[in-house]
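**Student:** Okay, handing you the structure first.
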Amino acid sequence: MFSCGCGIRWLQLWQQRGEAELSSQQLYCTFNNTRMLLQNMNVSDCELPMVRVSHSNITVVEGAQVTVICNGSGSPLPKMDWPVNGLHSINTQEDKVYKNGIQSIIIKLVNMSRDDNNFMLNCTATNEVGMSNATIQLTVHFPPSVVNLMKPERRHDTCIEFTVRGFPHPTLKWFHNNQEIYHTEYVRPDMETYLDYIEGCLNFKNPTHHNNGNYTLMATNELGVANRTVYGFFMEDPPTDSPFFTVSSSPVPPISETKEPQEDPMRVSVAVGVAGFACAVLTVFFLLIKYRRRSKLTMKGPTAGMSGEDSASPFHHVNHGVVSPCMVDLSSDAVAIGMSRIPVIENPQYFKHGHNCSKPTTYVQHIKQRDIILKRELGEGAFGKVFLAECYNLTKDKMLVAVKTLKDPTLAARKDFQREAELLTNLQHEHIVKFYGVCVDGDPLIMVFEYMKHGDLNKFLRAHGPDAMILVDDESLQTNGELGLSQMLHIGSQIASGMIYLASQHFVHRDLATRNCLVGNGLLVKIGDFGMSRDIYSTDYYRVRTHLATSLIDVNGKFSNLTANE
């Protein structure tokens, strides 16, 4: 049992505010050996302290100083405190107590720092009854600075990434070789504004050698100007000394009216002979190239270089050895699987330092936003929402597609989006969901995929299983037809074919489950939903999971009601 007094006044206030959540329960205390309801207790000179501050908001310039006063009163007399944890500016504090029961604490801030912009000063007064507080928001104005300016980097468009800090927020201007850059279809800034800094990109669409040069970013606000320059190199200048386009600098001689001399028969015969010899050499050279190409095609037949068990190996390369990515072109890289061939995608982790091939950057098809019409929402995941849509530019007629939207528009997410698009563009297989391209005209960023009519394999199996009436709520999905053994084997073989293809490309799916396989017409099954594929290369997977002895991938029972967890 509590003793009635100022020591439990806080509990009485707690009960009066309804924060105790006692329902019908009552609290009691004793006074002079008499029990009484806590809510009826009356104690004089026992209240929460009151706090008042001299400012509600303070706006200063970096390097200035300011003095702030906080007064506290109450009975019992409160203890004042002004915690400054995390404050970068130099501060001193002074306490004063006045005769009328008011205690004051004075804080002086010297050499205000830009790192204290938007800092909340919190003054507290505490006594036996409880604590009260008052806050002051600090706003620090400071001149701009260009914190970061990177060299051009290839993404969906080529980007010069930058970070600028300043408050009030500075205005930005770009200059190319001291000439101001204006917003066009081919050069445009894309930026996001935060509390006291701006970050973004100067984007270039299909830059050429004309875009090479110095790029200067100038940031200006009322307190100053800052600029920084970086050299941007996009493409080598075309050759200007080609022998096929030489122009003589000597003046054209005047036309003579004298009779033209007769041509020398000997000189004509020599010219004709040289021309005939050159034609013969070119003909022989052409025939040799044609014969050599035909012999290469013969060696690359479906059964060349493979026999017995070797021909069934999913990692059996045609040349029986390690092939440098520079030795053959993209069309000749192949992996033999059974009696068919699959084009190999170069894993950049394998040849990052060993080769320097002049291979063109993976081309990701861009689809205009005006050509996509959303129909309805299909679902939502970590990447963003998925919609059924109509697309008008992929074929002559409109077609149904599935589109994924990027819900997180940060720079890191955009980089992952770029890598995901390039990776999916390279994955071409009959049992991998087809990736059509991206739409980057505006926000949100969109990926366009093949639409699989019957949805994910997990729901499909539930709808065609013996427990369909229990497991499937939607009556339109329920069916009396159960899948036979041959049909389930057919589904499994399609998934296995897709996984063999991914393995041949040195890619790890990392979340193979029935929910990530999609079903189309005619029981066609394809693997999809790779997620944001930051670590999808197998070499990346081993590096990220350094605490594992081996790569652990859960290949769960495809036809049970289990799901896979990484």
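Here the Cβ of each residue, glycine as well, is placed from N, Cα and C on the backbone.
Unlike curated entries, TrEMBL annotations are predicted automatically.
So TrEMBL lists these for the protein:
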DOMAIN    49-139  domain 'Ig-like'
TRANSMEM  268-289  transmembrane segment
DOMAIN    372-566  domain 'Protein kinase'
BINDING   378-386, Lys404, 450-456, Arg515  ATP binding site
ACT_SITE  Asp511  active site, proton acceptor
BINDING   Asn516, Asp529  Mg(2+) binding site
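In terms of burial and nearby residues, how do these features look in this structure?
**Tutor:** Residue counts for the domain 'Ig-like' (49-139) by DSSP state, with H, G and I taken as helix and E and B as strand, are 3 helix, 53 strand, 35 coil.
For Gly381 (ATP binding site), the count of additional Cβ atoms within 10 Å of its Cβ stands at 12 [all protein chains shown].
Asp511 (active site, proton acceptor) carries neither a helix nor a strand DSSP state and counts as coil.
Neighbours of Asn516 (Mg(2+) binding site), defined as other CB atoms within 10 A of its CB across all chains, total 20.
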**Student:** Taking every protein chain in this structure into account, which of the binding-site residues Gly384, Gly455 has the most other Cβ atoms within 10 Å of its Cβ?
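**Tutor:** Sorting the candidates by Cβ neighbours within 10 Å, the top entry is Gly384.
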**Student:** Using only C-alpha positions, which one of Asp511, Asn516, Asp529 is spatially nearest Gly384 (ATP binding site)? These are the recorded positions in the record.
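**Tutor:** Closest by Cα distance to Gly384 (ATP binding site) among the recorded positions Asp511, Asn516, Asp529: Asp529.
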**Student:** With an 8 Å cut-off on Cβ-Cβ distance and a minimum sequence separation of at least 6, pull the same-chain contacts of Lys404 (ATP binding site), or say none.
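**Tutor:** Lys404 (ATP binding site) has long-range Cβ partners Phe383, Gly384, Lys385, Val386, Ile446, Met447, Phe449.
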**Student:** Around Asp529 (Mg(2+) binding site), which of the listed recorded positions (Leu378, Gly455, Asp511) come within 10 Å, judging by Cα atoms?
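**Tutor:** So the list is Asp511.
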**Student:** Let me know the most crowded of the binding-site residues, choosing from Leu378, Met452 and counting other Cβ atoms within 10 Å.
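**Tutor:** That would be Met452, with the most Cβ atoms nearby.
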**Student:** Give the helix, strand or coil assignment DSSP yields for Lys404 (ATP binding site).
**Tutor:** strand
**Student:** Can you tell me the three-state DSSP label for Asn516 (Mg(2+) binding site)?
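**Tutor:** The three-state answer is helix.
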